[in-house]
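So Swiss-Prot says this about it:
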{"type": "BINDING", "residues": "Gly12, Pro13, Ser14, Gly15, Val16, Gly17, Lys18, Gly19", "note": "ATP binding site"}
{"type": "DOMAIN", "residues": "5-184", "note": "domain 'Guanylate kinase-like'"}
Amino acid sequence: MKERGLLIVLSGPSGVGKGTVRQALFAQEDTKFEYSISVTTRKPRQGERDGVDYFFKTREEFEEMIENNKLLEWAEYVGNYYGTPVDYVEQTLESGRDVFLEIEVQGALQVRKAFPEGLFIFLAPPSLAELKNRIVTRGTETEATIENRMKAAKEEIELMDAYDYVVENDSIELACERIKAIVLAEHLRRDRVAPRYKKMLEVE
C-alpha cells in the first residue's frame with residue numbers, strides 16, 4: 001500500500017527568505033521533495049529563469065488558467081498574480097512523492113481550504129526591522145513598494161494562526177533543519193502509517 005505524498009506549504013511575508021530557504025533545502029542531497037513551480041505575472045528578477053524559478057506568464061495567459069481551473073490557488077499581490085498549477089501537484093502526491101510549495105500567504109490560505117491535510121509552515125523573520133532590511137538590500141524595490149510590502153507583512157504575520165508550524169528564519173541552515181525535522185515527524189504520524197500496518201495484518 002503506497003503512502004500518499006505530503007503537500008508541504010512554506011509561506012511567509014515578502015522578504016523573509018522563502019526562496020533562499022527553499023533553494024538551500026533543495027541543494028541538500030537528502031532532500032526528497034518535488035518542487036512545484038509557481039506561475040506568476042511579475043517580471044523576472046536578475047538570475048531567475050522561466051520554468052525553473054517560476055513560470056512567467058502575461059496577465060491574459062494567467063486569467064485563462066483561472067477560467068479553465070488549472071490553478072490549485074492563485075492570488076494577486078502588489079499588482080501581480082501568483083498561482084500553483086493543480087495537475088502537477090495531484091499527480092505527484094498520488095505517486096507517493098512529497099510536493100513542496102513556496103507561495104504567498106494569500107495562496108497558502110486557499111490551499112488550506114482545498115487541502116486541509118497539507119503541512120503548513122510559516123517562515124517568520126527574526127524582527128520587522130530585519131525584514132525591512134532584507135527587502136531594502138534586494139535593491140529591486142522602490143520606497144513606495146517597500147512600504148507596501150511592510151504593511152502587507154504585518155497583516156500576514158497576524159495570519160500565523162492558520163499554520164501548523166512556525167519556523168524562524170534567523171539562520172538559513174537552522175531553518176532548513178527545522179523544516180526537515182517537521183516533515184520527518186509528519187511522515188511518522190500514527191494516522192499516516194497505521195493503515196499500512198493494518199493492511200499488513202490482513203495479509204498475514
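Every residue gets a Cβ built from N, Cα and C, even glycine.
Tell me about the setting of these features in this model.
DSSP assigns Val16 (ATP binding site) to coil in the three-state reduction, outside any helix or strand.
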Identify, among the binding-site residues Gly12, Pro13, Gly19, the residue whose Cβ has the fewest other Cβ atoms within 10 Å in this structure.
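Result for the binding-site residues Gly12, Pro13, Gly19: minimum number of other Cβ atoms within 10 Å at Gly19.
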Take the domain 'Guanylate kinase-like' (5-184) and average the pLDDT across it for me.
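For the domain 'Guanylate kinase-like' (5-184), the model's average pLDDT rounds to 91.
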Non-local Cβ contacts of Gly15 (ATP binding site) (under 8 Å, 6 or more apart, same chain)?
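Set apart from Gly15 (ATP binding site) by at least 6 residues yet with Cβ under 8 Å, we have Pro125, Leu131, Lys132, Arg134, Ile135, Arg138, Arg149, Ala153.
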